[in-house]
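Asks: Structure provided below as structure tokens; questions to follow.
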């Protein structure tokens, strides 16, 4: 980034990278580790449900091979169908963060998904879990549909960000509801992270050009033919989109305006 002061603040933490990555769906551990390093991301989300309660070198070689002085763990509650399940996963996520040396890490990516077919977030369950976790001192990053009113309610509850989906998780369909995403971005006083559905670097750049504060990716990199190359492409796309947003695009005109060069 050209402007080194253009940082992302979530809760009481400040980050230089606006690209966050997921940790699943990679073909090999080597692909995952190399992609994470290449991306220069600083926030890595991990599904608590897929991890053992006690981390050892044998059962979590992937996590143990990462530098947690450079990465901030974002435990997620994926697989939770109710608010109660998500709350339990959030507390387990904090325990896992402690085992990685991040005792002060109370971040949680809140996912309450009651529909196993389409994997769309449950707004009622999300609100219920978010209210409880915020009161317990968690830094809550809720995954939601692109619903402007829901985003405002979650902000009012004290969530640290909102994370509206671009399109259904893992679909690679891109940004299906740009109008609602723009409304959320314009109305939010907390960071807006576009999460889910981004499949290409151009879509990541577009998210940032809209004014989003960051993007979270997983499948687009993990399932690319060459994940490491896609990780670099996404890193550059997010940086380019952010710079383009800060620079301010030219005004659109109804017809060509002649300019003397």
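Cβ atoms here come from the backbone N, Cα and C positions, even for glycine.
OK, Swiss-Prot features for this one:
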ACT_SITE  109  active site, schiff-base intermediate with DXP
BINDING   170, 196, 197, 218, 219  1-deoxy-D-xylulose 5-phosphate binding site
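Describe each of these features in terms of where it is and what it packs against.
Replies: In the three-state DSSP assignment, the secondary structure recorded for residue 109 (active site, schiff-base intermediate with DXP) is strand. Over all protein chains present, the Cβ of residue 109 (active site, schiff-base intermediate with DXP) has 27 other Cβ atoms lying within 10 Å.
Neighbour list (residue 197 (1-deoxy-D-xylulose 5-phosphate binding site), Cβ cut-off 8 Å, at least 6 residues apart, same chain): 165, 166, 167, 168, 169, 170, 171, 172, 173, 174, 175, 176.
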Asks: Using DSSP and three states only, what is residue 219 (1-deoxy-D-xylulose 5-phosphate binding site)?
Replies: helix
Asks: Work out how many Å separate residue 219 (1-deoxy-D-xylulose 5-phosphate binding site) and residue 109 (active site, schiff-base intermediate with DXP) at their Cα atoms, rounded off.
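Replies: Each residue's Cα considered, residue 219 (1-deoxy-D-xylulose 5-phosphate binding site) and residue 109 (active site, schiff-base intermediate with DXP) end up 17 Å apart.
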Asks: Within 10 Å of the Cβ of residue 218 (1-deoxy-D-xylulose 5-phosphate binding site), how many other Cβ atoms can be counted across all chains shown?
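Replies: If we count other Cβ atoms within 10 Å of residue 218 (1-deoxy-D-xylulose 5-phosphate binding site), we arrive at 20.
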Asks: In whole Å, note down how far the CA of residue 109 (active site, schiff-base intermediate with DXP) lies from the CA of residue 196 (1-deoxy-D-xylulose 5-phosphate binding site).
Replies: 13
